[in-house]
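Now, the feature entries from Swiss-Prot:
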TRANSMEM  7-27  transmembrane segment
TRANSMEM  81-101  transmembrane segment
TRANSMEM  111-133  transmembrane segment
TRANSMEM  137-154  transmembrane segment
TRANSMEM  165-185  transmembrane segment
TRANSMEM  204-224  transmembrane segment
TRANSMEM  255-275  transmembrane segment
TRANSMEM  288-308  transmembrane segment
TRANSMEM  315-335  transmembrane segment
TRANSMEM  346-366  transmembrane segment
TRANSMEM  382-402  transmembrane segment
TRANSMEM  406-426  transmembrane segment
Amino acid sequence: MKSVRYLIGLFAFIACYYLLPISTRLLWQPDETRYAEISREMLASGDWIVPHLLGLRYFEKPIAGYWINSIGQWLFGANNFGVRAGVIFATLLTTALVTWFTLRLWRDKRLALLATVIYLSLFIVYAIGTYAVLDPFIAFWLVAGMCSFWLAMQAQTWKGKSAGFLLLGITCGMGVMTKGFLALAVPVLSVLPWVATQKRWKDLFIYGWLAVISCVLTVLPWGLAIAQREPDFWHYFFWVEHIQRFALDDAQHRAPFWYYVPVIIAGSLPWLGLLPGALYTGWKNRKHSATVYLLSWTIMPLLFFSVAKGKLPTYILSCFASLAMLMAHYALLAAKNNPLALRINGWINIAFGVTGIIATFVVSPWGPMNTPVWQTFESYKVFCAWSIFSLWAFFGWYTLTNVEKTWPFAALCPLGLALLVGFSIPDRVMEGKHPQFFVEMTQESLQPSRYILTDSVGVAAGLAWSLQRDDIIMYRQTGELKYGLNYPDAKGRFVSGDEFANWLNQHRQEGIITLVLSVDRDEDINSLAIPPADAIDRQERLVLIQYRPK
């Protein structure tokens, strides 16, 4: 009976965090709008081989992540939940692997349940796992690969080992088709310390070739298909998206070596108090094969991405699967022997909640700031933000009431965040970062437009997805569409600032022309170097400028 209650509680937990509130949050640009539009165009065109954005070739990533996103929109429709359904599904599948692997290592159902809840409630897992990017997909394939490798190395028969390595190759192949060749590097780096300490080189060399073969066979059908359709895809994807992105001096998202230290700290909330003890206990028990495996799984990718020049928080998402297992194991030991770390965790959550309450007041209309984040008419959003941090502090306090038994309730600290964050976003943020909000405010003006031009790829993708059209024209800036715009058949999809006046004269009689520009809050629209417009509608950071036929 207790198991049934736990199962019902887990489903309720998942519903409150990962299902019910998702539709209340508008899509963020540039990431969510980009992936939403790529998948919408895939469904509309029926082209499941070559990814396109705004009707242009888009070679930033391979295809598998777009497939899953497209299936989400096909099943649930072109709405906020449909766009995020794929990443939520991937996050829940990863959670299932965490549950299974914990059971496999320790044969303890309670420990497996705790690892599950810890993983689902980690701030970084929740933030990325409900955000429509490709990282939850690659995290799933990496976690599946680590589970497959362990399964292979623990098998006692050649059939079991062969099956495990074949499965490893499939997961690596799907990882390559999701985000590229890092899906090969990360698992190899993660298992090498364990293989070395356990002296399992023989099995690796005997059966490893099976993983290579299954990986190649997994990638080969699509790899050949896109090479035939677009011969320069692999050249661009390998050199630009891998070498330049991570290794060269002009790598994207450059950051210092220590970049991931604050990411790990913030990402570990509301379980930050368990982080030092989990890592230390894991190191102290490094003679235990499973502990070494989890430590290597956590630390090696972290070191790899720290050395790389290009860094983003999303890159280390897969590390938190193993970290959640280490945390759950350590938490049970602490609850039994010395609950000091659990008390510290409770106080950290209280401090975080109280700090958030104070910070919310400071940036509210009633605080000391001359330019508050929220305006007076947005008072309900301020109260939503206060509620988020109040619930965080409350559950932090509750875990201290009988810490040996109540410490798992720290998983409820982010409950307010999950339920209310969509209602607390300030209008000034929504107007710049949520194109849906802009479209809603300017729907009547946008719909009849013959041409729509914009200077932001993220805004362009948001307009295209909301209006169900892929013919948005880039104005002045090409951004990440630069490569796709270089193709001969992309002529006319970009208009420079110097060419705009002539272009306007040539196309004005064809219908309404709408220009959507991103501007600074204090920027004077009249100073823009554009021809006089027939209508101007400013929505904080975005401005709609229209030209009608004469």
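First residue shown is number 1, and so on along the chain.
Just so it is clear, glycine is given a Cβ too, placed from its N, Cα and C backbone atoms.
Highlighted: of the candidate stretches 7-27, 165-185, 204-224, 288-308, 382-402, 7-27 has the greatest count of Cβ pairs under 8 Å to the transmembrane segment (111-133).
Among 81-101, 165-185, 255-275, 346-366, 346-366 has the largest number of CB pairs under 8 A with the transmembrane segment (382-402). Sequence-distant contacts of the transmembrane segment (255-275) (same chain, six or more residues past either end, CB-CB distance under 8 Å): 118, 121-125, 302, 305-307, 309-311, 313, 316, 320, 323, 327, 330-331, 334, 341-349, 352, 392, 395-396, 410-411, 413-414.
Nonlocal intrachain contacts for the transmembrane segment (315-335), taken as residues 6+ away from its ends with a CB within less than 8 angstroms of a stretch CB, comprise 94, 97-98, 101-102, 105-106, 110-111, 114-115, 118-119, 122, 124-125, 128, 135-136, 138-139, 142-143, 146, 186, 260, 263-264, 267-268, 271, 274-275, 277-279, 281-282, 291, 294-295, 297-299, 301-302, 305, 341-342, 403-405, 407-408.
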